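Reading through the structure tokens given below for one structure.
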Amino acid sequence: MSLPDESEISLSGRTVQTDWIIGIAIMIVSLSCAVAYYLILSTIYKDKELFRMASYKFMFFLGVFDVCQCFPHFVTGIFTVNQSVFHPLLAKAMGVIATPCYVTFTLLTIFLSFNRFIQLSSSNLEMFFFGGKRWMIWIVIACSIWILFVSALSSPWATIRYIPDWYSWDYDTELPFSKYVQKVEMCIEIGGIFVSAFFYLLIIHKLLKTKKQYLISKSYNAEIKVLIQATVITVYCTVLNVLWHNYTWILPPHLWSYTALNFMWICNSAVHPIIYFIVNKWVARNKFSQAIRHKIGTKRSGTALGAVSVFEPKRRMEKATHTDHTLVSVKF
């Protein structure tokens with residue numbers, strides 16, 4: 001994102017009151033996302049049945065990089081209230097944490113979509129790509145990209161920093177390599193969302209092609225619900241990533257445009273917890289309904305969406321299909 005010159009700030013509509021409102025809102029939203037995400041991650045980590053699955057391992061590490069972004073966002077709320085970054089190195093440090101974590105989050109989302117497609121397609125391919133300790137190779141690849149971005153943004157030749165005057169982030173274009181780091185980030189984020197969408201389209205095609213088989217196995221409805229969630233997430237990420245790097249296509253170069261995009265980035269860390277809690281609530285309601293049916297002797301005709309809940313792993317369903325134990329992933 002490229003922000004206007006500071007001489008235009010007087011025309012932006014920013015006031016002391018908006019500084020406080022936006023700053024406090026940033027702190028509240030980022031802290032809330034971090035707390036919600038902590039509950040999800042701790043549940044996955046403590047549940048050995050979940051954590052032994054490759055897809056949940058991806059979800060755990062994806063969540064770690066996602067929740068790490070909440071810290072610099074919270075600090076930028078303090079920057080906004082005070083209209084100061086206090087020290088250039090502090091502003092640089094926040095960029096070193098936030099951007100590499102988001103890029104790595106994007107990569108892990110791609111890996112997760114590929115993992116889900118392979119799980120649905122072939123157990124042999126799943127074993128080849130993710131069996132045993134091979135899932136760690138994918139994590140190492142993602143962490144290697146993280147290290148590269150951290151190194152680049154920690155150097156004196158490239159920086160992305162928060163601009164309190166504009167309630168948003170921008171690369172320091174006066175540094176020689178900032179534009180190159182920005183281009184690589186853009187390629188990963190925009191390209192990654194379409195790669196992930198491609199794998200989900202293949203999954204949808206596979207499900208439609210073998211619809212009868214999945215209906216018989218009682219996992220079809222669960223998988224469709226996962227894909228609906230993935231579609232919502234993909235649309236959200238597509239809008240965020242495209243507008244973040246090309247906001248001038250449809251948004252005016254105004255303070256509130258930059259503010260909205262910044263909040264979209266912050267709220268990206270809320271998408272996963274919201275999806276998880278909604279799904280878990282549905283599962284709890286479904287399980288209660290099943291218990292009632294069982295007591296009155298009614299034949300069970302549906303299946304719980306245990307496949308997409310971090311609280312209700314289904315070992316029995318796991319043996320029946322490869323798709324039932326995978327969570328959806330989102331900003332990218």
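Glycine is treated like the rest: Cβ placed from N, Cα and C.
As recorded in TrEMBL, the features of this protein are as follows:
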- 20-40: transmembrane segment (TRANSMEM)
- 60-81: transmembrane segment (TRANSMEM)
- 93-114: transmembrane segment (TRANSMEM)
- 135-160: transmembrane segment (TRANSMEM)
- 180-203: transmembrane segment (TRANSMEM)
- 224-244: transmembrane segment (TRANSMEM)
- 256-279: transmembrane segment (TRANSMEM)
Interface-richest range of 20-40, 60-81, 93-114 toward the transmembrane segment (135-160), CB pairs under 8 Å: 93-114
Among 20-40, 93-114, 180-203, 256-279, stretch most in contact with the transmembrane segment (60-81) (C-beta, under 8 angstroms): 20-40
